[in-house]
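As recorded in TrEMBL:
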- 15-35: transmembrane segment (TRANSMEM)
- 26-278: domain 'G-protein coupled receptors family 1 profile' (DOMAIN)
- 47-66: transmembrane segment (TRANSMEM)
- 86-109: transmembrane segment (TRANSMEM)
- 121-141: transmembrane segment (TRANSMEM)
- 165-190: transmembrane segment (TRANSMEM)
- 215-239: transmembrane segment (TRANSMEM)
- 259-281: transmembrane segment (TRANSMEM)
Amino acid sequence: MDVCRDWVHCVQFGFYIPILAAGFPLNMAALWQLFFRLRHWSESTIYLLNLVINDCLLLLALPFKIMAYHEPWKLGRFSCSLFESFVYVNMYGSILLSVCISVDRYVALHFPFRRLRSKRKAVFICAMVWMLVFGFSYPVYDLHGGSSNESFCFQNFSKQTWDKVWIIVCVECVFWGSTIVMVLCSVNVVKTLHDLRKRNPNDAKLRNNKSVKIVLSNLVVFLLCFIPYHISVLLYFYIKQKSSSTETKQIFISGLRKFVHVSLCVSSLNCLADAVCYYFILKENLQTAEQDTRINTVTKETH
């Protein structure tokens, strides 16, 4: 069987194989750093651990997704729905956890002496995120309708799925609401740190503040990976709901369907791009831990 039945399949293979090849070692390296090098956990590293685990779900699903594009699906409908749900759990888990990281930075900057942040609260928030994304993933198990044809997986959704307006409304509201929060928090944090640097030009810590890099990398990854998919889904849903059925409309729908598939590939890049966020957060926490160790050593030597 031909690996690339059309250009969309070629694009999908071109995205998913490198994501799988690079994403697995990057996420394993992040887990190793978290469990074997990091001595002191913080709110940021708790969110990071959950983000790594979330990316591992996508990496677990990708081999089956690649296989489904290459040959007929032979593992049954339930396994198809299970792995397909991992893709969407990963997407919306990444969206919500990215928002958590952004809000956490905002709170840390503006309310440093208030007990709005704690490791226990971070664990609770992450647990709520997991409950939400897994709870709302159940419609994925009906994505292909009641068809007895189980030869295809990770392909087009059923007509019944696109008729469920509430699904589209929910996912679009979650995404665009999260986008507004991300942009507002990120812009505010960067502006505040910029103002602090202007008032304290000799402060070395402010001149090389890691928070700016974390927030900006988190925002750029978020916007580049997820905006194309949610715009394509919104357009596809809108056009598909139009009552008139003409040849031009069918051609336009076919093109939009391809755009949905390609933009879903782009959204999977968050698995690699999150590694930038891993780098900055782990580097910051490891440096903080080393500084604390040096301070404790000096304190012991002076007594």
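Any Cβ shown, glycine's included, is placed from N, Cα and C.
Taking pairs at least six residues apart, the transmembrane segment (86-109) and the transmembrane segment (259-281) share three or more Cβ pairs below 8 Å and count as touching. Packing against the transmembrane segment (15-35) from elsewhere in the chain are residues 45, 48-49, 52, 55-56, 58-59, 62-63, 65-66, 265-266, 268-269, 271-272, 275, 278, 282, 286: each is 6 or more residues past its ends and has a CB under 8 Å from a CB in it. The stretch in closest packing with the transmembrane segment (121-141), judged by the count of Cβ pairs under 8 Å and taken from 47-66, 165-190, 215-239, 259-281, is 47-66. Here the transmembrane segment (165-190) has Cβ contacts under 8 Å with residues 92, 95-96, 98-99, 102-103, 105-106, 109, 136, 139, 211-212, 215-216, 218-219, 222-223, 226-227, 230, 233-234, 237 of the same chain, all six or more residues outside its ends. Away from its own ends, the transmembrane segment (47-66) comes close to residues 13, 16-17, 19-20, 23-24, 27, 30-31, 34, 75, 79, 83-84, 86-87, 89-90, 93-94, 97-98, 100-101, 104, 122, 126, 129-130, 153-154, 268, 270-271, 274, 277-278, 281-282 of its chain (Cβ-Cβ under 8 Å, at least six residues beyond either end).
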